[in-house]
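Enquirer: Below are the structure tokens for one structure; questions will follow.
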Amino acid sequence: MLNQGGVMSVDNMATKIEELNLEEEFIVGFEEEESKSKILQMDANEKEEFEVSAKSLDATQLYLGEIGFSPLLTAEEEVLYSRRTLRGDEVARRRMIESNLRLVVKISRRYSNRGLALLDLIEEGNLGLIRAVEKFDPERGFRFSTYATWWIRQTIERALMNQTRTIRLPIHVVKELNVYLRTARELSQKLDYEPTAEEIAIQLDKSVDDVSKVLRLNERVSSVDMPISSHGEKALLDIIPDTNNADPGVFTQDSDIKDSLIQWLNELNSKQKEVLARRFGLLGYEPSTLEEVGREINLTRERVRQIQVEGLRRLREILVRQGLNMENLFNVEDE
């Protein structure tokens with residue numbers, strides 16, 4: 001929806017968008033605020049100066065400056081152009097759209113820092129504005145800005161849910177989540193801290209489990225390749241610990257203990273050495289039970305246990321001589 005200059009134009013706005021259900025509350029008072037604001041009127045010289053300096057502005061500034069040329073409509077003009085739009089007058093339709101682009105910007109700013117750039121939010125809001133222009137009935141007696149706010153918010157919120165999520169949520173879930181998030185923001189302003197799921201549940205008369213379940217859907221999925229600094233030197237993956245690999249210090253310590261154990265085992269007799277090696281997975285053996293060791297060396301389970309006790313006692317004496325403690329070296333359980 002951006003032309004070559006990076007600016008959205010009304011001509012390029014899509015006019016075919018899916019039907020949206022009007023289920024949000026009316027937002028009143030916008031027209032009063034707009035009527036109080038001064039309309040920027042630019043003569044030919046001012047407009048020429050704007051076009052000359054436009055090259056130094058970014059796309060957002062350029063767009064905001066461009067829509068400032070369109071004056072707001074009075075209540076009578078709204079009724080006139082709306083009636084002509086319903087009869088298929090393209091010029092009237094265009095005038096209705098251009099005169100309300102600032103309304104889209106005002107609403108879009110409320111959704112900043114939610115995952116989409118401001119221009120993208122404005123683009124989505126413009127789709128809602130177009131739809132509102134096409135469906136507005138001036139005979140019902142309310143201002144167009146009140147009616148259009150519905151559609152603008154709907155399209156922006158739907159875009160946020162669809163375009164900023166790795167996993168797309170059903171529309172009815174999105175609406176429910178929006179209610180919870182809106183309530184959370186309201187409570188946050190009142191309490192001066194982030195409300196808990198329990199506080200939100202009380203406010204909405206919902207169960208805590210339901211609120212917690214829906215709020216978890218708002219969690220974002222981050223790529224492990226996402227840069228964690230503005231320079232992009234490190235990614236998230238670089239700082240996530242590998243739970244499958246031991247800490248280098250622990251690995252070195254375990255390796256030293258293993259080498260020392262082999263030396264200490266060599267000071268035992270052959271039977272004690274073999275039983276302890278088979279029982280605790282040393283010297284290339286897999287850890288085994290007393291019964292398994294007995295079958296492998298043709299001894300009873302009780303005899304293997306006795307040899308193990310003798311070997312551990314002898315090994316403890318060796319460690320004591322070297323000023324070491326054998327606790328936690330072997331995990332011996334009664335079997």
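Placement of Cβ uses the backbone N, Cα and C atoms for every residue, glycine included.
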Enquirer: For the annotation DNA-binding region in TrEMBL, which listed range does it cover: 30-49, 70-89, 230-249, 290-309?
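Expert: Comparing 30-49, 70-89, 230-249, 290-309 with TrEMBL, DNA-binding region matches 290-309.
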Enquirer: Using Cβ atoms and a strict cutoff of less than 8 Å, what residues sit near the motif 'Interaction with polymerase core subunit RpoC' (120-123) while being 6 or more residues removed from its termini?
Expert: 1, 8, 63, 104-105, 108, 111-112, 156, 159, 163
